[in-house]
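**Student:** When I checked TrEMBL for this same protein, it listed these features:
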BINDING   Phe51, Ile52, Ile53, Gln54, His55, Tyr113, Arg117, Thr254  substrate binding site
BINDING   His240  heme binding site
Amino acid sequence: MTGTPGERPLEAGVRVDFHDAMSYADYLALDQVLTAQHPLSSPPHHDELLFIIQHQTSELWLKLMLHELRAARAFLDTGRPEHALKTLARVKQILRSLTEQWSVLATLTPSEYAEFRAVLGSSSGFQSAGYRAVEFILGNKNARMLRMFTERPAQHAELETVLREPSVYDAFLRLLARRGHTVPRRVLDRDVSKAWALEDGLVPMFTRIYEHVAEHWDVYELCESLIDIEDAFQLWRFRHLSTVQRIIGFKRGTGGSSGVGFLRKALDLTFFPELIAARTEIRDLAVG
Ligand code: HEM
Ligand SMILES: N[C@@H](CC(=O)c1ccccc1NC=O)C(=O)O
């Protein structure tokens, strides 16, 4: 038998008085977080709160992703692949959650968005320092994007740091070199602030790892983890594109780009092209 609904008594030990103790709202700084939504439409459009919260929550997850990717890079630098794997597993789940979050925004119709889009002016995701830092630490470096942050010195400085530091992939390749894998010297000495370009010299090394997994199990798992992240990131990008297309069609972006055309081109980007190229080279073994 289930009980009747009704007021559930609090257990005896549950604290209700917080006058001299830290409370939930104190610890989470909810006074700041929950009063930081400021719709600009007048009178406030019902759906602008969705738009704001969708972005704010994305920014929080991006912040955590950067934090975790920095940790993964440090684990690679210090030769702890198992720890890096665990951290990357969390990054993957954050990306999955961010990708699913597009479904909430997709409930915003073109008519609703058109009613408040004008208040956004020329602001756009181009100015997301959190997103740019994640792209940078994953290896998609582009110094030109820093120009968007001239007016925001703190964000500019943080992004410049991430731009000049090695990416997670740079750290992985250095670990591989330390483990005796053949990584060309030019890769290890490269200017890490520059965009990654396909390095054919790495493909035989990755092919060897994939053809002899038993001998290279921990780095093989890391390769697969990076591919998972590549895949999860592409799915986020694709859902951004498809959500944008259903809301604004082929309008230009508020940030000045062609809009959907620009977002479609971003799908051609790959963080770890040699890991993909190696797949073409792996020999199919004869059976029987
Ligand atoms: C109605 C909702 C949205 C629309 C119509 C939209 C549209 C666009 C467009 C057209 C661009 C290209 C830049 C421009 O010219 O404006 C862009 C870029 C971007 N958007 Fe969105 N977006 C939406 C929601 C979001 C959300 C929720 C996020 C989450 C953080 C986001 C993050 C970004 C980022 C990071 C970029 C830069 C991408 C890059 O540089 O590759 N957008 N968006
Ligand atoms: N680029 C979007 C506007 C937009 O999405 C946006 C505007 C202000 C703050 C964040 C935004 N999100 C991502 O681009 C548009 O063209 O409608």
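Glycine is no exception: its Cβ is also placed from the backbone N, Cα and C atoms.
Heads up, TrEMBL stuff is auto-annotated, nobody curated it.
Give me the structural setting of these features: burial, nearby parts and distances.
**Tutor:** In the three-state DSSP assignment, the secondary structure recorded for Gln54 (substrate binding site) is helix.
For His240 (heme binding site), the same-chain residues lying six or more positions away in sequence with a CB closer than 8 A to its CB are Trp102, Leu263. For the recorded site, His240 (heme binding site), the DSSP three-state label reads helix.
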**Student:** Including all protein chains shown, what's the count of other C-beta atoms within 10 A of the C-beta of Ile53 (substrate binding site)?
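**Tutor:** For Ile53 (substrate binding site), the count of other Cβ atoms within 10 Å is 14.
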**Student:** Per residue, counting other C-beta atoms within 10 angstroms of the C-beta, which of the binding-site residues His55, Arg117 reaches the highest number?
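**Tutor:** Sorting the candidates by Cβ neighbours within 10 Å, the top entry is Arg117.
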**Student:** 10 Å Cβ neighbour count around Gln54 (substrate binding site)?
**Tutor:** 16
**Student:** Suppose we screen the binding-site residues Ile52, Ile53, Gln54, His55, Arg117 by Cβ distance to ligand 1 with a cut-off under 6 Å; which survive, in sequence order?
**Tutor:** Gln54, His55
**Student:** Sequence gap of 6 or more, Cβ distance under 8 Å: name the residues on the same chain that satisfy this around Phe51 (substrate binding site), in order along the sequence.
**Tutor:** Leu105, Leu108, Tyr113, Phe116
**Student:** Enumerate in sequence order the binding-site residues Ile52, Ile53, Gln54, Tyr113, His240 whose Cβ-atom distance to ligand 2 is under 6 angstroms.
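**Tutor:** So the answer is none.
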